[in-house]
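These features come from TrEMBL:
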| type | residues | note |
| --- | --- | --- |
| SIGNAL | 1-26 | signal peptide |
| ACT_SITE | GLU117 | active site, proton donor |
| ACT_SITE | ASP258 | active site |
| ACT_SITE | GLU351 | active site, proton donor |
| ACT_SITE | GLU370 | active site |
| BINDING | THR473 | Ca(2+) binding site |
| REGION | 514-554 | region 'Disordered' |
| COMPBIAS | 516-541 | compositional bias 'Basic and acidic residues' |
Amino acid sequence: GAAMLRFLGPLLCLWALRLPAGTGSAGRGLDVASYRERVRAMFYHAYEHYLESAFPYDELRPLTCDGQDTWGSFSLTLIDALDTLLILGNVSEFQRVVNVLQEGVDFDIDVNASVFETNIRVVGGLLSAHLLSRKAGVEVEAGWPCSGPLLRMAEEAARKLLPAFQTPTGMPYGTVNLLHGVNPGETPVTCTAGIGTFIVEFATLSHLTGDPVFEDVARKALKALWKNRSDIGLVGNHIDVVTAKWVAQDAGIGAGVDSYFEYLVKGAILLQDKELMSMFLEYNKAIKNYTKFDDWYLWVQMYKGTVSMPVFQSLEAYWPGLQSLIGDVDNAMRTFLNYYTVWKQFGGLPEFYNIPQGYTCWQMFGCFAELIESAMYLYRATRDPTLLELGRDAVESIEKISKVDCGFATIKDLRDHRLDNRMESFFLAETVKYLYLLFDPDNFIHNDGSDFDVVVTPYGECVLNAGGYIFNTEAHPIDPAALHCCRKRKEEQWEVKDLIREFYSRKKTKKFTLKRAPDHGEGENAKDPEDASSEKAGEKRNSKKSSHSLLSCPSQSFNSKLAVLGQVFLDNT
């Protein structure tokens, strides 16, 4: 039934995007700049048609050239596309959209919204844009990044989601009314990903605003899932958030579970949190023991470990990205190549995939975006040209199959490539962004920590834009260093309120460029960025002969190869 369709999704997406006959690996010397410009053109073809035909609705309907509200009613595509504009270098449009959103978006509306989707798209998109706004030339207010209009919007949206977390278990309902809270009679059954995909956005909010409630509810939900894992260490697909009884007991790494595992890893990196990483590593052992067969993953019964669905998923597309983030680059590359090979070689699916009649692959770009995300991480780590070939093939396939006069449409029927009248906002947030970053090795997002800004806040100086960005599951980058900028809790903020004018009149930004630290001894003298920032600035003024980077990346066993992402800052307090 419906569950089977969800489980089949990723491979069906690959089948839908299989390459035209004759497309091979002749492209070792492909023109990266040319493909980067083609991706830029894809973005603007979609974005301009959204503005022309769909704004202020959430999403574009590309076959009829009009718009529709889908996940709420807050110009979702505009929020999702905002940080992509800056990554493509369009600061003037970024600034214009920031003003449009401030004037036009209202979350105090009588709309039933997905807690998960609103978090990753709206809260994540606004937080990312807030943290990038000074880089985009926006005139930021005094106290930034600890205050600002986009941060206030992100906080307002997140507060609308908090009633969903008021359950006996701390695990949230899946849907909330933005005006009235949880509807009476709302189903208590939520998928695992819908419970465990909040820590990146909510912890960032808490660190920036000083209000711990967001991080607290996100952690409580994560720990509730951990507490309710089976004796053999697996979690199921859907759970009752009131009784903590598993409704769907299928365990795997795919749909309904995926971003829970993703956020344990990304939350651990963002917060330098060993507990979150140890949770993931324990799950990883159980997943290998019970669900992995050669290089394929099955769905198994979470209590017994017996196969519950004989459906191979060929290593969900996000999994190589997770493997690379924990430093397991060799296995990540092997996983990725298996998945890519499946996609390139299938002229159809083996019969055991049993494509259901009339299956709708509406998430084509979604599962595909995760494969490109994995390729981007792995290309940073290995420079293997095969990864660029994946990007090339993605561009060719998307343009061939999904491009229409008014944007890009998702596939309605796999058998004849009929198109659905929908362009999901994540096409601009994820698919295009990861493709562009794959083909743009010098983008500021790839900063290795050798270049950074020191920004004055009411709480002192802090380091920003040094790289090491953590992408949320909607591809919105969060600067981990920003979490160290706003240490004071709200009740203490009155003490520094009087200082804001003084700081605002001072020069707010100092620019430093350092050579990257040599590999030896990395991390031994690393200090917390906030505690050491003014000290660093002084040292830099007094002695420009420092032999290694002042922003050494701390060496830790559980994230030994974080150089894939660049610098990550350690909280020593």
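FYI, residue positions are counted from 1 along the chain as it appears here.
For all residues, glycine too, the Cβ spot is worked out from N, Cα and C.
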Using only C-alpha positions, which one of ASP258, GLU370, THR473 is spatially nearest GLU117 (active site, proton donor)? These are the recorded positions in the record.
THR473
Ten-angstrom check, please: count other Cβ atoms within 10 Å of the Cβ of GLU370 (active site), all chains counted.
26
CB contacts for THR473 (Ca(2+) binding site) [other CB atoms within 10 A, all chains]:
27
How many other Cβ atoms sit within 10 Å of the Cβ of GLU117 (active site, proton donor)?
20
Restricting to the same chain and to sequence separations of six or more, state which residues have a Cβ under 8 Å from that of ASP258 (active site).
ALA193, GLU316, TYR318
How long is the line from the C-alpha of the residue listed as 'Ca(2+) binding site' to the C-alpha of GLU370 (active site), rounded to the nearest angstrom?
9
